[in-house]
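Trainee: Take a look at this one; I'll ask things after.
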Amino acid sequence: MKIKTRFAPSPTGYLHVGGARTALYSWLFSRHLGGEFVLRIEDTDLERSTQEAIDAIMDGMNWLNLDWDEGPYFQTKRFDRYNAVIDQMLDAGTAYRCYCSKERLEALREAQMANGEKPRYDGHCRDSQCTHGADEPSVVRFRNPQEGSVIFDDKIRGPIEFSNQELDDLIIRRTDGSPTYNFCVVIDDWDMEITHVIRGEDHINNTPRQINILKALGAPVPEYAHVSMILGDDGKKLSKRHGAVGVMQYRDDGYLPEALLNYLVRLGWSHGDQEIFSIEEMTQLFTLDAVSKSASAFNTEKLQWLNHHYINSLPPEQVAVHLSWHVEQLGIDTRNGPELVEIVKLLGERCKTLKEMAESCRYFYEEFDAFDVDAAKKHLRPIARQPLEAVKVKLAAITEWTTENVHNAIQGTADELGVGMGKVGMPLRVAVTGVGQSPGMDVTVHAIGQARTLARIDKALAFISEREAQQ
């Protein structure tokens, strides 16, 4: 049997982390077993579905590199197929027209609730012999079995059973002729030959209804696996406050797709005590029986830790491709400065996100208007004039601009003045970067370049003189 899974988001908002995890699990399951992965856009909610949301879903999937073998399919383009099946069901007697008014249904609901009963359709039109006009508005309901139960073996949760008496006759076509969500899903899974449905636990109650429709159609029933929800670190339902933002927001905030994928796969799935997984390892190791039934808590600090790991473990060239987007967003012109690959090597250990890295690398490419106040107050004092002037002479004398020669110039200055490296390095750091923290001065000065370094030392010396004159 060819394994076939699907990811079927509704385009009513962004692709959030819960949806991304579901997509990842479905993708990994199919890839692990050499199957196929289908992308389906469930856009039957015409009022809430937007092209912007569709674009956000596609962007998120592409950024995460979760490729699909079929699709994207759109339910709104399959209405003729759904309605053809509904008409066949009407002819076969597995569906019927319901003419109950909204007023009758509301009164029924209120009466049931007043009696402490679960609100459900009472089957008034199920076996009715009364006639109605051809143009009289009606919905179409599925004739759900009234006896027995629906039992399915959830691949994450184990056997789940629903009594058919608890299931009312589901509306499968509205009065306006449009098919409903639960019905469209069934026909899609049937037509697309989906073998395994992996989705959120909020769909568990839909499953027995969908199974009954499939059985009424004589269609194969796929396997089902329902993943638990993601909670905030305070145990409450995930919200924007915890990190329930669109996947592309994580891109904007400077996270690598490899880090987010690694984080998402561990939100409910485990393999021993291993924390770091490449996408190849995930694909090789992923199984549904290792997915937890318990809810998972979102932890931003853990995601940042993983992101820092991948910034420093992936090939710098690969990280630089992602960094370039952030640098462009800040309007930094990198043509007159080091390659971004060098920035990744220089700043990787110091940065948890690429956004932080992009913001920190400005001084390699742009002149700064002012020195950091605290750093200048501490290190650009009159006592710093001598080491800055001395190191400038040695840096200016370098004919081959290498990291080693830069280091020797700084070290030689400290040796000649009989002071520690910090007495030279810290004023030099503030002079050439404008801030009090940076990578080692030899690699930083080398990356900034000789001419720019000498000009900035002159700027710092002028700053010291101005400051001295004001005192």
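Every residue, even glycine, has its Cβ placed from backbone N, Cα and C.
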Trainee: Look up motif ''HIGH' region' in Swiss-Prot and report which of 9-19, 196-206, 350-360, 372-382 it refers to.
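Mentor: Comparing 9-19, 196-206, 350-360, 372-382 with Swiss-Prot, motif ''HIGH' region' matches 9-19.
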Trainee: According to Swiss-Prot, which stretch among 72-76, 132-136, 237-241, 277-281 corresponds to the feature motif ''KMSKS' region'?
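Mentor: Among 72-76, 132-136, 237-241, 277-281, the range Swiss-Prot annotates as motif ''KMSKS' region' is 237-241.
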Trainee: Six or more residues out from either end of the motif ''HIGH' region' (9-19), which same-chain residues have a Cβ under 8 Å from its Cβ atoms?
Mentor: 41-43, 45, 48-51, 53-54, 56-57, 59-61, 200, 229-230, 238, 243-249, 264, 267, 298
Trainee: Tally every other Cβ atom lying within 10 Å of the Cβ atom of CYS125 (Zn(2+) binding site).
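Mentor: Neighbour count, Cβ to Cβ under the 10 Å cut-off: 18.
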Trainee: For a quick check of understanding: among the binding-site residues CYS98, CYS100, which residue's Cβ has the most other Cβ atoms within 10 Å?
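Mentor: Of CYS98, CYS100, the one with the most crowded Cβ is CYS98.
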Trainee: Quick check: with CYS98, CYS100, CYS125, ASP127 left out, which same-chain residues have Cβ atoms within 8 Å of the centroid of the Zn(2+) site Cβ atoms?
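Mentor: Neighbours within 8 Å of the Cβ centroid, excluding CYS98, CYS100, CYS125, ASP127: TYR96, ARG97, TYR99, TYR121, GLY123, HIS124, ARG126, SER128, ARG141, ASP169.
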Trainee: Based on DSSP, tally up the residues of the motif ''HIGH' region' (9-19) by helix, strand and coil.
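Mentor: Across the motif ''HIGH' region' (9-19), DSSP assigns the residues as follows: 3 helix, 1 strand, 7 coil.
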Trainee: Return the residues near ASP127 (Zn(2+) binding site), defined as same-chain residues 6+ apart in sequence whose C-beta is under 8 angstroms from its C-beta, sorted by sequence, else 'none'.
Mentor: none
